[in-house]
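First the structure, in the form of C-alpha cells, and then the observations on it.
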Amino acid sequence: MERLAELINNYGYIIIFLSLFLELIALPLPGEILMGYCGFLIYNGSLNYTLSIITAALGAICGITLSYFIGKLLGVPFFHKYGKYVHLTPEKLDKISGWFDRFGNKLLTIAYFIPGVRHITGYVSGITNISFSKFAIHAYIGAFIWAITFITIGKALGEDWNYLHKYATKYLIIGAILLGIIIVAIYGYKRYEKEIKKYIYLYMKNIISVYNSIKKVELGIVIAGIVYIALIIVTFKLIDEHLSNEMSLFDSITYRIFRGVFSKSFIEVISGFKNLSSVYIVILVSILMVGWITVKQSQKVKNILFIIFTILGGEIFVDISNYIFKKSNSAIDIGSIYNSFPSKDVFIVSILFGIITYYILRQSYSKIIKTISMIILISICAFVGISDIYLKIQYASGVIVAYLFATLWIILCITILELWSIIPEVASKLED
C-alpha cells in the first residue's frame, strides 16, 4: 500500500483510474483503502473531490466492462479450466451464478461492497449472458456509489483515514453478511409466500385441535413473543459485553465521518424530526390511527389493541433494554453524550412510522404509494439517527441497535396480529 500511495502522490488521477481498472479485472488491489487515501488527499487539498469520484468510478466501470466481455467471449469451459488464475474456480462460478439466479441483476450494484465478489461479477455476468444494457445499468450505478462512499469517508476522516485502512474489510464483511441475511429473508418470503401462509394455517389448525381452546392458543402466541424478545435482549447483551471495545471504535469513526460528510445547515433542517418521538406526538398519532381504524378497519378491537401493544409495549421494551444495556461513555472520547442503548428517539420514531407504513402497505394497491411510503419511512428514521449522532446525543452503535430492535419488535407485533386474525377463521372451519 505504501508503494501505491507514493504512486498516487506522484501521478494522481492516472493511478486511481488504473488501480480500480485492474482490481475489477481480478488483480488483488486494495480498492477501498486506495479510495480512502484518495479522500485524505482531497482533505489536504492535493486532489479534487468531484474529479476523483469520476476517475475512480470510470476506472471501475472500464474494468468490470472488460471483464464482462471477456466472460461473454470465452464462456464457461475456459473459466472451468483457467478460472483459478483470476480467483474464479468452478465452485465460485456456480455459487455466484446461483446468486444471480436468485437475486437478479441488483446483485451487481451491491457486489462492489463485498470483498472477493466484486472482482468476478463482471466475468460471471458475461458467462451467464446477462444482457449488456441490464448489466451496465446496475454495474455502473454501483461503481459510482462505491466510489462516492469510500472517497467521501476518506475525506471525512481526514488525518484519521488510516482507520479505514485498518477496519474497512472487517466492517464490510459484517455489513455484507447482514445485507445478505436481509436479502435472503425478503427473497424467501416473496418466493414462498403462499407456502409459508399455508404452513402457518395448517400449523395453527393443528394447535387449535390439540388444545381445543382459542384463548389458550392466543395466550401461547403472546408468551412466545415475550420469550422471543427476551432472547433477543440476552443475545445482544452477550454481544455487547464481548465487543464493547469494537463498538467504541465504531462510534468514534462514525461520528468523525458524519462530522465530515454532513453540513451544519443540513443537520439543522433534519434535527427537528427527533421531536416526532415526543410523548405528545406519539399520543396524537396513536389517537389518529385509532380513529381511522374505528371508521375504516374490520376487526377493530384487534387492530386497536395491536397499536396499543406495539407503542406502549415498545416503550416498555426500550426502557428495559436501556436499563440492561447501561453503558459508560465511549472509550474514545467524542464529547459528552446522553446515551441510551438502544437509542430511544430512533426506536420510538421507527415503530411509530413503521405501524403507519404497515397499514399503508396493507391497504393500498398502488405500487407508487407503497414505494413513496417506504422512502418516507426510511428517510425519517435515517434523519433522526443522523442528527442524534452528529449532535452527540447518541452513540452510533445505539442508533444502529435501535433500528434493529425496532424492526424486530414491529415484525413480532405484526406476526402476532396476523396470527391472531386467522385463529377465528381456522377455528370456524374446524367446527364445520
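Cβ atoms are placed via backbone N, Cα and C, with glycine included.
Unlike curated records, TrEMBL annotations are generated automatically.
Copied over from TrEMBL:
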TRANSMEM  12-29  transmembrane segment
DOMAIN    29-155  domain 'VTT'
TRANSMEM  49-71  transmembrane segment
TRANSMEM  135-157  transmembrane segment
TRANSMEM  169-189  transmembrane segment
TRANSMEM  219-239  transmembrane segment
TRANSMEM  278-295  transmembrane segment
TRANSMEM  304-325  transmembrane segment
TRANSMEM  345-361  transmembrane segment
TRANSMEM  373-393  transmembrane segment
TRANSMEM  399-420  transmembrane segment
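Where the transmembrane segment (373-393) meets the stretches 278-295, 345-361, 399-420, the count of C-beta pairs under 8 angstroms peaks at 345-361.
Note on the transmembrane segment (278-295): residues 303-304, 307-308, 311, 348, 352, 355-356, 359 of its chain, located 6 or more positions outside it, place their CB under 8 angstroms from a CB of the stretch. The residues of the domain 'VTT' (29-155), classed with DSSP into helix (H, G, I), strand (E, B) and coil, number 109 helix, 0 strand, 18 coil. For the domain 'VTT' (29-155), the model's pLDDT averages out at 82.
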